[in-house]
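Novice: Below you'll find the structure I mean.
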Amino acid sequence: MKVEAKKKFGQNFISDQNLINKIVSILGNDKDQLIIEIGPGTGALTKLLAQKYNKVVAIEIDTDMEPILKKEITNDNFELFLSDVLLVDFEKLIKEKRQHENQKVSIISNMPYYITSEILFRTLNVSDKLTKAVFMMQKEVAIRVCSYKGENNYNNLSVACEFYADKKYEFTVPKHMFYPVPKVDSAIISLTFNNKYTEQIKDKDKFLTFLRKIFNNRRKTILNNLSNVTNDKTKANEILDNLNIDKSLRPEVVGLEDFIRIYNKTR
């Protein structure tokens with residue numbers, strides 16, 4: 001069913017069934033999952049999700065989509081939540097909708113470009129409750145998210161996602177696969193959450209703030225950026241000397257494990 005997309009909500013719809021199957025397959029074959037879909041639109045992904053998994057909760061800001069979704073998806077295991085996703089308390093939602101405490105929870109979204117970072121960070125904030133996230137986003141941002149140290153697009157978002165999850169660039173989605181056709185290609189990424197690094201940091205929000213500040217000026221050295229974090233160049237010097245980290249390095253060539261070591265020394 002074709003509907004008019006609303007630019008203010010960043011709507012770009014997909015309808016190709018092969019693409020839909022390929023995206024949903026990334027969530028795996030474990031039927032006993034609570035799937036939270038952000039921005040279901042006309043329900044292209046939602047319909048298959050409701051067939052494949054035990055519980056699907058879709059969050060949609062556009063109230064005009066309600067009659068379309070309710071007509072297209074009549075499964076008892078589907079629930080529509082009309083809200084701006086940035087106002088949703090994910091922790092509360094998961095607690096209320098999870099059918100039992102051992103049920104896996106995953107998030108999937110064809111993300112509006114204009115709130116990609118906000119959705120990503122809100123997802124990371126509840127990563128301890130999640131098994132996986134599958135996101136479609138602007139290709140340029142997907143490359144950034146999935147970059148590692150030494151790569152051109154590596155930034156604080158790359159490090160933050162690596163901190164919480166095993167990240168994977170799944171595949172590119174050409175712009176002609178959408179209607180209306182956007183200006184750029186998209187890509188699918190997956191985040192498989194783990195606690196490999198998270199237990200090394202007590203206050204994760206402060207660590208994410210630290211990463212933003214460290215990458216605030218990419219042209220500056222790790223010493224200069226750390227000095228701005230600590231407001232004390234002498235202390236920054238001491239931290240890097242103590243950890244035997246080259247002070248002339250720029251943030252984009254410093255890895256996650258070293259950022260964790262540096263951060264813990266600032267506490």
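Each residue, glycine too, has its Cβ placed from N, Cα and C.
Annotations for this protein, taken from Swiss-Prot, read as follows:
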type: BINDING; residues: N12, I14, G39, E60, D84, N110; note: S-adenosyl-L-methionine binding site
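Give me the local environment of each listed feature.
Specialist: All chains included, 23 other C-beta atoms sit within 10 angstroms of the C-beta of G39 (S-adenosyl-L-methionine binding site). G39 (S-adenosyl-L-methionine binding site) falls within neither a helix nor a strand when secondary structure is assigned with DSSP, and so counts as coil.
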Novice: Among the binding-site residues E60, D84, which residue has the fewest other Cβ atoms within 10 Å of its own Cβ?
Specialist: D84
Novice: Specify the count of other C-beta atoms within 10 Å of the C-beta of I14 (S-adenosyl-L-methionine binding site).
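Specialist: Its Cβ shell of radius 10 Å holds 19 other Cβ atoms.
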